[in-house]
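Novice: This is the structure, below, for whatever I ask next.
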Amino acid sequence: MLPYIVLVLGCWSVLSQAAQTDDEERAGNRRPIWIMGHMVNAIGQIDEFVNLGANSIETDVSFDDNANPEYTYHGIPCDCGRNCKKYENFNDFLKGLRSATTPGNSKYQEKLVLVVFDLKTGSLYDNQANDAGKKLAKNLLQHYWNNGNNGGRAYIVLSIPDLNHYPLIKGFKDQLTKDGHPELMEKVGHDFSGNDDIGDVGKAYKKAGITGHIWQSDGITNCLPRGLSRVNAAVANRDSANGFINKVYYWTVDKRSTTRDALDAGVDGIMTNYPDVITDVLNEAAYKKKFRVATYDDNPWVTFKK
């Protein structure tokens, strides 16, 4: 009887290891996808969007006349079917976000691994961009990263709408270095969100001295249609030997058909008002073999190789 039990246990161990290896191989061959909850500007919306399936969120950041980040506010107009006026004081939002992304906190949401800050720098003069970056860094360091002491763990993307505001990136980096935490730049990525020519975007990054940690967005409000020609150009840059883009995301996607089109185009992220729609498509037979929802173990700055 004993040899039989040993044999059974041995076979079960082999099968379990094979199944685990198979799962790991399937995970490794599937593109990780960031489902980005759009316009998450109130603390209560963090749980709302994550519970619907988002593993990342996008938050608007408005600035005052002195280039201080002031509110998490979008304003009118915004996407069709959304409340455009929800907001928090920026630092209050950061504290709520820190709670949601700090392991051990009662508010912790393990699935929330990336935050895109949509920086509304259109209200600023070009010569204020560097200062805005410095002030943004100071706020994040204190209220999100808790001065480097067990702060929030999510990766951060600084999304800038104007190529002329590239000095914001340098100001942000310089301030973190000055405050003794240059290592936090490992958690920070970049995006220019103005739908500019891909070549012009590359020139802006050269001026900013940035290589790596680059997401490229493309999109338009859900109220209007938009083709995928620029997405295709961004994906081609990402996949080329000399491209500068690491990841591509498309916004704002609320329909299953558009989700399928975006996935077929090879995007890494989809920004949406309805994360459950994206999740449903990812679970379809045609897509679950090719894609999976990204986790914290997926580095958002590393280009996924097909």
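Here the Cβ of each residue, glycine as well, is placed from N, Cα and C on the backbone.
Here the structure is a predicted model, which means the values were calculated and not measured.
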Novice: Determine which of Asp118, Asp126, Asp131, Asp162 appears in Swiss-Prot for the same Mg(2+) site as Glu58, Asp60.
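Specialist: Swiss-Prot names Asp118 for this Mg(2+) site.
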Novice: Looking at Swiss-Prot, which one of Cys11, Cys223 makes a disulfide with Cys80?
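Specialist: It is Cys223, per the disulfide annotation in Swiss-Prot.
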Novice: Among the disulfide-bonded residues Cys78, Cys84, Cys223, whose Cα is within 10 A of the Cα of Asp118 (Mg(2+) binding site)?
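Specialist: Cα filter at 10 Å returns nothing.
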Novice: Quick check for you: of the recorded positions His38, Cys78, Cys80, Cys84, Cys223, which have their Cα within 10 Å of the Cα of Asp60 (Mg(2+) binding site)?
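Specialist: So far as Cα distances go, the recorded positions lying within 10 Å of Asp60 (Mg(2+) binding site) are His38.
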Novice: In whole Å, note down how far the CA of Cys84 (disulfide bond) lies from the CA of His74 (active site, nucleophile).
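Specialist: About 6 Å separate the Cα atoms of these two residues.
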Novice: Compute the mean position of the Cβ atoms of Glu58, Asp60, Asp118, which form the recorded Mg(2+) site, and then list in sequence order the other residues of that chain whose Cβ is within 8 Å of it.
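Specialist: Apart from Glu58, Asp60, Asp118, the close residues are His38, Met39, Val40, Asn41, Thr59, Val61, His74, Val116, Phe117, Leu119, Lys120, Ser159.
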Novice: Where Cys80 (disulfide bond) and His38 (active site) are concerned, what is their Cα separation in Å, rounded?
Specialist: 12
Novice: Using the alpha carbons only, what distance in Å do you get between Cys84 (disulfide bond) and Glu58 (Mg(2+) binding site) once rounded?
Specialist: 14
Novice: Fewest neighbouring Cβ atoms within 10 Å: which of the disulfide-bonded residues Cys78, Cys80, Cys84?
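Specialist: Taking Cys78, Cys80, Cys84 as the disulfide-bonded residues, the minimal 10 Å Cβ count falls on Cys80.
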